[in-house]
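> Handing you this structure, nothing more for now.
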């Protein structure tokens, strides 16, 4: 009888802990003292991810191509009491990638997390009208720069005993967005990049996963939803009848970077409101 009572008491205590955690009565910092680099992180999805990682205890280095955007993002997040610094970084330039890493090392003596979010989409139209210049730009920034950024941070993660990389892809890698051919192709390539890096880096205790957002309401995606009729049509085609918010992506990334996801590697998590997501 006493044994049953102790068992029941243990279950009750565990259940109360779950209840308190889910209701926000307790909050741990799953990324406490981790150092995170987030590219293209002064607006939209990248900014929401940077904020969430910092809220969960990480020291975050944000970046953007424009100094004014970096200054604004850093001021906002530091104003919220978060550990955030920033630097200008054009991910397509090797010298800028090096400066981003150097900044993190000087301030925090290491790197544990990379979120590769930078992407471009300079074309809207028929695939047959895409120039070689456009193809080169899209693949260079969206795919090659992502690979080079990962290559650059891996030695620093090894020094820390491991790390976590999250590549921000898109549901467009699975299901084409009309008139965005080169962008769609680049995001499909990131699915393969994730799988290959995940397999190669796992022995180094570095996990690589991918986030595939659906249609998230940001400035970057505005061409797809700025007309109300188009937005309404998109909503009708979705299982969850709304467009996503940047914050819908942020918690998933924080989870993937945490020890709670220590046995997750090479996976793509779709945050798309039920958008079809299979190749």
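Heads up, the Cβ atoms here are built off N, Cα and C, so glycines get one too.
What you see is a predicted model, and the numbers here were worked out from it, not measured in a lab.
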> Say a student had to find the N6-succinyllysine annotation in Swiss-Prot: which of 34, 137, 235 would be the correct pick?
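According to Swiss-Prot, the N6-succinyllysine annotation belongs to 235.
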> If Swiss-Prot marks one of 41, 186, 221 as phosphoserine, which residue does it mark?
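Looking at Swiss-Prot, the phosphoserine feature maps to 221.
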> Of 93, 187, 204, which one does Swiss-Prot label N6-acetyllysine?
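Among 93, 187, 204, the residue Swiss-Prot annotates as N6-acetyllysine is 93.
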> Can you tell which of 99, 195, 228 Swiss-Prot marks as N6-succinyllysine?
228
> Looking at 151, 217, which is the one Swiss-Prot tags with N6-acetyllysine?
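The candidate carrying the N6-acetyllysine note in Swiss-Prot is 217.
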> Specify the count of other C-beta atoms within 10 Å of the C-beta of residue 183 (active site, proton acceptor).
23
> If you skip the near sequence neighbours and keep only those at least six away, which residues in the chain come within under 8 angstroms of residue 170 (substrate binding site), Cβ to Cβ?
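Within the chain, residue 170 (substrate binding site) has Cβ neighbours under 8 Å at 183, 184, 187, 190, 212, 213, 214.
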